[in-house]
Amino acid sequence: MSKIIDIKTSIVTIPLKRTFVTAVRSTNHIDAVVVELSLDNGNKGYGVAPATTAITGDTLQGMQYIISEIFAPVILSSNLSDYKQTLELAFKKVMFNSAAKMALDLAFHDLLAKQKNISVAKLLGAKNNIIETDVSISCGSVAETIQNIQNGVEANFTTIKVKTGADFNRDIQLLKSLDNEFSKNIKFRFDANQGWNISQTKQFIEELNKYSLNVEIIEQPVKYYDISAMREITKFSNIPIVADESVFDAKDAERVIDEQACNMINIKLAKSGGILEAQKIKKLADSVGIPCMVGCMMESPAGILATASFALAEGITVADLDPLDWVAKDLYSDYITFNEPNIIIKDNLKGFGFSF
């Protein structure tokens, strides 16, 4: 089997069409690190991951250092066929740094698929190539939020993810306007990004129950580390509670499951450190009947392709993969068709189908 003979990193910056605002950050661009792995047979594999410092702690320069100085000595001269053991050894060298791990994990999967002349989705076992995403609505005034939701509905999205948690009074006031303005055919997801406390979350749920909104989930209402609060809210709520920032890896998933601290887990490759750990989370959740969704950071279309490939292989249908709506279509037209709200992975890709 071929050996890894070179590893390089680079930085890419992708402008957004509009500013993305959550309870924890605001940005008008995507920063990411690209990994290029070279095999001795000439094949190259690419992986990419975002530097979402406010959530994962990763920085661009830190990711490059971890990959080039800590992971590379383990990776170089390794056999591609030993990728699982190689990545395990490399990742044991450093705690956290999940985005750096994601970029490397994806580059290995890209190479594995290219060696077989198939797409990563097919390598992972996907039987189809279409997944539906919601669209995220940034934090803003009630009027701005309503207008942005209307824009999303006009763009054919049927599921709307409303960012909350930055201003609780606005969050409460918003509910009446949503109930007045939108058809019950529109499904809503509310994501507080850790911005509420227990009492605020309960108040929000009680207020929600006064209306007839079609609400699917409430995501990560409180701080990621407050598992007891997540448990109390999950027990209280008649709406499914999703653990997002509370679950990075399989150990985190085991904890929230044991504590009955959620009804669903949001798997993100930038949290899990790539596909291999994401598969472990999904397997664990399946074993106890906890459903999973897939999400993402505000990240590159290449990262969205990787997550969509994983989701399709795992049979996950609840997806929050809308950065495609925030960037220019020509950035991903070689490997994805985005017919809002459907993400369609193109046929006959070799590996992921992207390069940098």
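Glycine is no exception: its Cβ is also placed from the backbone N, Cα and C atoms.
Among the candidates ASP167, ASP244, ASP249, the one that Swiss-Prot lists alongside ASP191, GLU219 as binding Mg(2+) is ASP244. Annotated substrate binding in Swiss-Prot involves LYS161, VAL162, LYS163, ASP320, LEU321, ASP322 plus, out of the candidates LYS114, LYS210, LYS268, LYS271, the residue LYS268. What surrounds the Mg(2+) site, by Cβ distance within 8 Å of the Cβ centroid and not counting ASP191, GLU219, ASP244, is the set ARG189, PHE190, ALA192, ASN193, ILE217, ILE218, GLN220, VAL242, GLU245, ASN266, GLY295 from the same chain. Under the DSSP three-state reduction, ASP322 (substrate binding site) is assigned to helix. It is 5 Å from the Cα atom of LYS163 (substrate binding site) to that of ASP191 (Mg(2+) binding site).
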